[in-house]
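S.K.: To start, I am sharing the structure in question, which I have written as structure tokens.
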Amino acid sequence: MLCTIIRGPSFLEARNQLLRSLKKCRCFEMRADLLTVSDAELQKLILLAPISVLTWKKPPSCTPQAWVKKIQSLAKLHPTYLDLDKDFPEEEILHIRHLHPNIKIIRSLHTSEHTDITQLYTQMLASSIDYYKLAVSPASTTDLLNICRQKHSLPQNTTVLCLGKIGQSSRILSPILQNPFTYTIPTGADPVAPGQLSLNHHYFYNFTNLSPQSQICALIGDTSRSIGHLTHNPFFSQLSIPCPYVKLPLTPQELPEFFSSIRALPFLGISVTSPLKTAIIPFLDKQDSSVKLSGSCNTLVIRQGEIIGYDTDGEGLFSVLTQHNMDLSNQRVAILGAGGAARSIAARLSRTGCELLIFNRTKIHAEAIASRYQAQAFDIKDLPLHSVSLIINCLPPSSIIPQALAPLIVDINTLPKHNSFTQYARLKGCSIIYGHEMFAQQALLQFRLWFPTHSFNHLEKNFSRRAAVLASLFSIAA
């Protein structure tokens, strides 16, 4: 159940926040400690809410006696739920329950530390409590996933959420984790706790279609330059696929623990970005022929506990070149970089009859790819010395690339759309294919692997168009 937090601070602001959210939410938490309203006005807000939660965070200067008195006065307003800190006296909870038997009690704990939530729950357990809320602070994505795993072992009357930016995915996954409450804020309001998402954000992530039976799709690696969450979630919604797509920042060092976690959680598909495309291969149960050919993996499919790796990067770029009527036979093609995407592209283009030239800052890495696909390897500084028909840039946007020209330039980076290399090439009259085109094509290939029973040919153009618009918008914002 979505629960929108009302913080005001004035009565008028609080009422507007509540009324603005009523179409999308029925449950509202009134933060009495943040509201500058009278008890009569607070009562009006409670009556406006179909389901109400009343919370008052005890300030450090408040005495135990004053705390109890304040909570007793709030109980007299008859909210649906009363949220009490874990340290609120047990005997006073029993007294409130005796006087107000219809009020349901939530016992909550917020901590800035990452702690074993099973132990926390055990410490909070009491017969007088209806619901429990645990808010903890994960230090990493693997911490986050371990917390999600632990949540499955707790009773269904327990809400577990993670604070901070790292913890945002736990809020998106809340219905899948069977949380009784999913806390959100009115659209346009400031967060009350770090990592809170707006009501519109939750709807964007397909909240109304999510349930404990839903599966999860995600992006792992350096997620900072991806627009995948902005393209994939609306696409899933259009197809009525009850699945969110979340970003999970991950380093190579975290892979062992990550793979333990995803086997215990309902993951269906995972996109893999740098720097994990080659590092991830030893953890796969099976490799598709595309991975065996390229030595790179950008797609995981999880079925019946088995993790299968695929590579759609090279095929995605080849689809783009085909759409642009680019015939590569007997052409000289330069690939800049020696990472996972460069490997994938070299593997696919090696079957087109073109002559491949691999350029990299560390020549030995270029040689490793070249030897595999009968290509030539060069230091990146030698790029201007070679005449080619096509340059495919697989280096990061911040890379310093020698000024070189070709009739057609492909830059596979989605964000930023423009960089010094493409700007120079465009100034000199070269045709440019930007990264959002390859992004869209490789993603559509991933969707076919994740959702083989769905037909979405009619939506492909809209998906590609959305990727193009987002890449342009983010470049303008930058």
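The first residue you see is number 1, and the count goes up from there.
Note that Cβ sites are derived from N, Cα and C of the backbone, with glycine treated the same way.
According to Swiss-Prot:
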REGION    1-208  region '3-dehydroquinate dehydratase'
BINDING   S21, E29, M30, R31, T55, W56, K57, R171, Q196  3-dehydroquinate binding site
ACT_SITE  H110  active site, proton donor/acceptor
ACT_SITE  K133  active site, schiff-base intermediate with substrate
REGION    209-478  region 'Shikimate 5-dehydrogenase'
BINDING   S226, I227, G228, N298, D313, Q442  shikimate binding site
ACT_SITE  K277  active site, proton acceptor
BINDING   G337, A338, G339, G340, A341, N360, R361, T362, G435  NADP(+) binding site
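Let's see these features in context: how buried, what's close, how far.
M.R.: In sequence order, I6, A14, L42, L45, I46, A49, S52, V53, L54, T55, P79 are the residues of the chain that are 6 or more apart from M30 (3-dehydroquinate binding site) and have a CB within less than 8 Å of its CB.
Annotation note: H110 (active site, proton donor/acceptor) sits in a strand segment as assigned by DSSP. Cβ contacts within 10 Å of H110 (active site, proton donor/acceptor), excluding its own Cβ and spanning all protein chains shown: 15.
DSSP gives K133 (active site, schiff-base intermediate with substrate) a strand state. For K133 (active site, schiff-base intermediate with substrate), the same-chain residues that are 6 or more apart in sequence and have a Cβ closer than 8 Å to its Cβ are D83, I106, R107, S108, L109, T158, T159, L161, F181.
DSSP assigns I227 (shikimate binding site) to coil in the three-state reduction, outside any helix or strand. Listed in sequence order, the residues of the same chain lying 6 or more apart from I227 (shikimate binding site) and placing their CB within less than 8 Å of its CB are T414, L415, H436, F439, A467, L470, A471, F474.
Under 8 Å, Cβ to Cβ, and six or more positions away along its own chain, K277 (active site, proton acceptor) finds G221, S296, C297, N298, D313, G339, G340, A341, R343, S344. For the recorded site, K277 (active site, proton acceptor), the DSSP three-state label reads coil.
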S.K.: In sequence order, which same-chain residues at least six apart have a C-beta under 8 angstroms from Q442 (shikimate binding site)?
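M.R.: The answer is N298, T312, D313, E315, G316, L317.
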S.K.: Among the binding-site residues G228, G337, G339, G435, whose Cβ has the fewest other Cβ atoms within 10 Å?
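M.R.: Counting other Cβ atoms within 10 Å of each of the binding-site residues G228, G337, G339, G435 gives the minimum at G339.
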S.K.: Residues with Cβ closer than 8 Å to the Cβ of S226 (shikimate binding site), same chain and 6+ apart in sequence?
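M.R.: Result: L219, K247, T273, T414, L415.
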S.K.: Between S21, T55, N298, which of the binding-site residues has its C-beta surrounded by the fewest other C-beta atoms within 10 Å?
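M.R.: Counting other Cβ atoms within 10 Å of each of the binding-site residues S21, T55, N298, the minimum falls on T55.
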S.K.: Sort M30 (3-dehydroquinate binding site) into helix, strand or coil using the DSSP assignment.
M.R.: strand
S.K.: For A341 (NADP(+) binding site), just count the other CB atoms lying within 10 A of its CB, please.
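M.R.: A341 (NADP(+) binding site) is surrounded by 28 other Cβ atoms within 10 Å.
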S.K.: Between G337 (NADP(+) binding site) and Q196 (3-dehydroquinate binding site), how far is it from one CA atom to the other, in Å?
M.R.: 38
